[in-house]
Amino acid sequence: MENRMNELVSLLNQYAKEYYTQDNPTVSDSQYDQLYRELVELEKQHPENILPNSPTHRVGGLVLEGFEKYQHEYPLYSLQDAFSKEELIAFDKRVKAEFPTAAYMAELKIDGLSVSLTYVNGVLQVGATRGDGNIGENITENLKRVHDIPLHLDQSLDITVRGECYLPKESFEAINIEKRANGEQEFANPRNAAAGTLRQLNTGIVAKRKLATFLYQEASPTQKETQDDVLKELESYGFSVNHHRLISSSMEKIWDFIQTIEKDRVSLPYDIDGIVIKVNSLAMQEELGFTVKAPRWAIAYKFPAEEKEAEILSVDWTVGRTGVVTPTANLTPVQLAGTTVSRATLHNVDYIAEKDIRIGDTVVVYKAGDIIPAVLNVVMSKRNQQEVMLIPKLCPSCGSELVHFEGEVALRCINPLCPNQIKERLAHFASRDAMNITGFGPSLVEKLFDAHLIADVADIYRLSIENLLTLDGIKEKSATKIYHAIQSSKENSAEKLLFGLGIRHVGSKASRLLLEEFGNLRQLSQASQESIASIDGLGGVIAKSLHTFFEKEEVDKLLEELTSYNVNFNYLGKRVSTDAQLSGLTVVLTGKLEKMTRNEAKEKLQNLGAKVTGSVSKKTDLIVAGSDAGSKLTKAQDLGITIQDEDWLLNL
């Protein structure tokens, strides 16, 4: 019986791959169903022999209560975007300055959802969403229902891989036909449908919707030398990889590839929104490293956005958490990139003046980055005697006089007690990338603020269940959940708190770098501008902004209040002792290492307290140079930086 079960699992997985991945089935649906029913029956009789890669694991039936947060072992970075050939040429120049012979891998940018898959001993252990790059959601049960994701690898590997989960166009059309027949609201586009499906709590619905994946990265350390090798290895493990790709050292040839794909993309069975260009050599990738936000060795070219004409009916002016006043146009509704658009940003007053935008104008609307609707320009041939737009002199929230600082493009309200600014700051503090207080969205903030229950972020921690129950629409169950979410947020690692404070220029990635360095929010608040500016990837602008923020008396009072409510100020991620051998030193790895991998060398340096960066500068303390070291070694010699070899590192 056990042999027959093994045989059936092998056959059914092969037939499923032919059907879902290769679009080339070799057996009929009825033949597949017959074998599948046989396996189900055998598994009922012999549950002790059920294999981890059995296709029966993909069948629905589970109704999940929710999704738990998942800390990624290997962070998922965003990519720098490019919208023109000139930006790609500039990227090429930056790379070639370090590596004149660098070749690139150009791959399709699938319009889906990034997922991370972790296998332990070859068995799928965790499938998670990207989230903010550091913390995603555990959606393992849903990803088990995606038919081209292997539940079990042929080898007993411990590996984490990355890819894009998407909905093929054919599956998208079938879902919307069914929704139409049932009188339900249709999905706007395949990406929204894929996102909605992966958020389903009923795994049976996920199993029916025929999601698919393309894998593109091994996040865990690999012995492979190039991105091309990685893709071939992923395919050998049974993952789906995309074969529309090109390797070339010529950006002109990459551009020709982009133009060809853009012209033909409508014929692809899935949506794409651009081309990702990566340095093909993994060793070069390591040397180039990362900025605070993105890898220096990759760029995402985005196809030109779809454009439509619409009429501006009116303009709303709103003030954000930093006091910037943003104009938003109300439009005649148009269909754009799969959604109905009736509002679009006008950016700022300088943009309105530059484009001479007026109410009543017919304008060209597009989605910036395929996400945010924006006005591109005015169709002057359709203008009729519209008057120049009146720019507000007073804040739309508090009535204070607005200012337009020299060198800035935006109007700004500088009243610290402006109600809308306060509400926006409170909502930001509770948002997912900050303190992540579930249920504490803008509408709740509005109710609490209007009821005079909160006026600053410390007030959030004064709230009781009884306070929440005084609000319209809040029942005991909701109030209890929100209260517990507030209490749980006290235990967040301090970089979440720092980002939540909404300091100008200090994003989530910079917050993490700062807390990794200083370990504690109080220590950071007392740090000098020079010590902050010396952190690789940050600089003087962030240092000055932090110094200005922390020297305010009201900020010191706020930190005291947060301390009294037991809000955690410590960084909970991995840090190295200040007594470590290389503590505080900035080190660059360059050249080919013979006795250890680059990842092993990097990990050893970090464990010894060093900060490993990708570029040589005056801030670099030493470099470890292997064979064939290039421009980085030359630059280090010119700057008089200490140079060590691989043996020196091995002997530490």
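Using the three backbone atoms N, Cα and C, a Cβ is placed for every residue, glycine included.
Taken from Swiss-Prot, the feature active site, N6-AMP-lysine intermediate applies to Lys109, supported by sequence analysis. Sequence annotations record features per position, and here Swiss-Prot assigns NAD(+) binding site to Asp29, Ser30, Gln31, Tyr32, Asp33, Ser78, Leu79, Glu107, Arg130, Glu164, Lys278, Lys302 based on sequence analysis. The Zn(2+) binding site annotation in Swiss-Prot covers Cys395, Cys398, Cys413, Cys418. Summarising the annotation, Swiss-Prot assigns domain 'BRCT' to 577-652 and lists sequence analysis as the type of evidence.
Positions of the features from Swiss-Prot, shown on the structure.
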residue: Gln31; record: NAD(+) binding site; Cβ neighbours (10 Å): 12
residue: Leu79; record: NAD(+) binding site; Cβ neighbours (10 Å): 18
residue: Lys109; record: active site, N6-AMP-lysine intermediate; Cβ neighbours (10 Å): 22
residue: Arg130; record: NAD(+) binding site; Cβ neighbours (10 Å): 20
residue: Lys278; record: NAD(+) binding site; Cβ neighbours (10 Å): 22
residue: Cys395; record: Zn(2+) binding site; Cβ neighbours (10 Å): 24
residue: Cys398; record: Zn(2+) binding site; Cβ neighbours (10 Å): 15
residue: Cys413; record: Zn(2+) binding site; Cβ neighbours (10 Å): 24
residue: Cys418; record: Zn(2+) binding site; Cβ neighbours (10 Å): 21
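Nearest Cα neighbour of Cys413 (Zn(2+) binding site) among the listed recorded positions (Gln31, Leu79, Lys109, Arg130): Leu79. What surrounds the Zn(2+) site, by Cβ distance within 8 Å of the Cβ centroid and not counting Cys395, Cys398, Cys413, Cys418, is the set Val319, Gly323, Pro396, Ser397, Gly399, Ser400, Leu402, Asn415, Pro419, Asn420, Gln421 from the same chain. When the C-alpha distances from Lys278 (NAD(+) binding site) to the recorded positions Lys109, Cys398, Cys418 are tabulated, the minimum falls on Lys109.
For the domain 'BRCT' (577-652), the model's average pLDDT works out to 81. Distance noted between the C-alpha atoms of Cys418 (Zn(2+) binding site) and Lys109 (active site, N6-AMP-lysine intermediate) is 42 Å. In terms of DSSP helix, strand and coil, the domain 'BRCT' (577-652) has 24 helix, 17 strand, 35 coil. Gln31 (NAD(+) binding site) falls within a helix when secondary structure is assigned with DSSP.
Between Leu79 (NAD(+) binding site) and Cys395 (Zn(2+) binding site), the C-alpha separation comes to 36 Å. The shortest Cα-Cα distance between Cys398 (Zn(2+) binding site) and any of the recorded positions Gln31, Lys109, Arg130 is the one to Arg130. When secondary structure is read from DSSP and collapsed to three states, Lys278 (NAD(+) binding site) falls in the strand class. A strand conformation is recorded for Lys109 (active site, N6-AMP-lysine intermediate) in the three-state DSSP classification. Closest by Cα distance to Cys395 (Zn(2+) binding site), from the recorded positions Gln31, Lys109, Arg130, is Arg130. Separation of the C-alpha atoms of Lys109 (active site, N6-AMP-lysine intermediate) and Gln31 (NAD(+) binding site): 36 Å, rounded to the nearest whole number.
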